[in-house]
Every structure is written in C-alpha cells, then in structure tokens.
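K.L.:
Sharing a structure with you now.
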Amino acid sequence: MAERVKLLGALPSPFVYRVIWALKLKAIPYEFIEEDLSNKSPLLLKIPVFLHGDKPVCESMIIVEYIDEMWPQNPLLPNDPYERALARFWVKFAEDKGSSVWRMFRAKGEELGKTMKETLEMLQNVEEHGLGEKKFFGGDSVGMADIAIGSVVYWLEVIEEVVGEGVIFEAHKFPRLHAWIQNFKQAPVIKENLPDRDWMVTFFKRRREAMAASA
C-alpha cells in the first residue's frame, strides 16, 4: 500500500503553492491540511510541512526536490547535467533574492524604497541572464526553476498593488520575463492551481493594515 501524502500549510502562501504545483505536475494524490494562522506561528506562512507516510519534510524547495526524486514521472529538472545545474542556480537565486518581495510587503518609508530597489535588481538579473529564448527556464515545460521564480513573480504582482508605490514589474522593461510569466500562468496545471488575484489583494491589504495598526 502506497504511503499517504499530506501537505500542511497556510494559504495563500507562495511556499505552499510551490509544493502544490509540484504535486499536481506529477499527478500525485495528496491531502491538504490548511493551518489557521490565527492559532499558529506565522512561520507556517513561510514553511509548509510535507508528510510522506510518517516522514516529515520541511522547506518548500527541499520538498519539491524530494517529490521530484521520489516520483520520477514528469521530471522537474532537465536531463542534461549543465541544464540541471542552471536550474538549481535559479532556484537558489529565487530563494536568496526573492525575499526582497516579502520584505517589501512589510516595509514602509526608507526601508520600502530599499526593498523596491532590491526587487528591481533581482528582476533585471533574471531578465538579462535567466531565460534567453526559452519558453520556460527548463525548456518547453514548467520545471523546478519556474516553480521557484513563479512563486516570487506572481506574488510580486499582488504585493506591488497592495503597497501602492508604483509598478516595478513593467512589461516594456522586462519583455522576456513578462512573456514567461504569461506562459507560466497559462500552463494548464498552473492555471488550475493559482490563487485568485483579487482575493489575494484583499487578503494582503488586510494583513498589511493589521501590521501597521499593531506597530
């Protein structure tokens, strides 16, 4: 009997959606257990917990790698060693530099300007060096790097509206990246498993207002 797969996390966490996308791309049945952040540590917004039988795995991209190794169908990394190394580079880049988006959500004043500048630099790096002429980071289909960067860019489009300090991710400034995010959002499995944008804007506006009120 196959070991049961469970995912614990809070919505609309981008880190939870990374794991959801990986599971859906590989057609793995799972049970989702939504955590109530009002009764739990806010860390759960960042760190989903994946249970495979009685084995827990934490940290979203480590979970995605575990899923890819455990279920080899529809691989999320390219076969070519060099292309695989590139994919891993962009995953790490998203992990290291994507944090500016979440800091932008919490920031105000001078700190907000700083995080917006860092986010702009991150986007410029991906635009100039990430995609080339490829449809997705791994080629013709959604892969691990797309999952990592997709969870940054899709949420950025919401966060910049919530913050209300102007649009960073402009199509004319980032034509490759903009074309890529449209392809990403239209990929059938991703399209069926994206949180509603309007609902996210409302959710994050309330969170930001609550943080301001408690500060």
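The chain as shown is numbered from 1 upward.
Placement of Cβ uses the backbone N, Cα and C atoms for every residue, glycine included.
TrEMBL labels come from automatic prediction, so no person has curated them.
Keep in mind that this is a model prediction, so the values were computed, not measured.
Per TrEMBL, the feature domain 'GST N-terminal' maps to 3-75. If you look up TrEMBL, you'll see 80-204 marked as domain 'GST C-terminal'.
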K.L.:
Go ahead and report the DSSP secondary structure tallies for the domain 'GST N-terminal' (3-75): helix first, then strand, then coil.
P.N.:
27 helix, 17 strand, 29 coil
K.L.:
Write out how many residues of the domain 'GST C-terminal' (80-204) are helix, how many strand and how many coil, based on DSSP.
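P.N.:
Final tally across the stretch: 90 helix, 2 strand, 33 coil.
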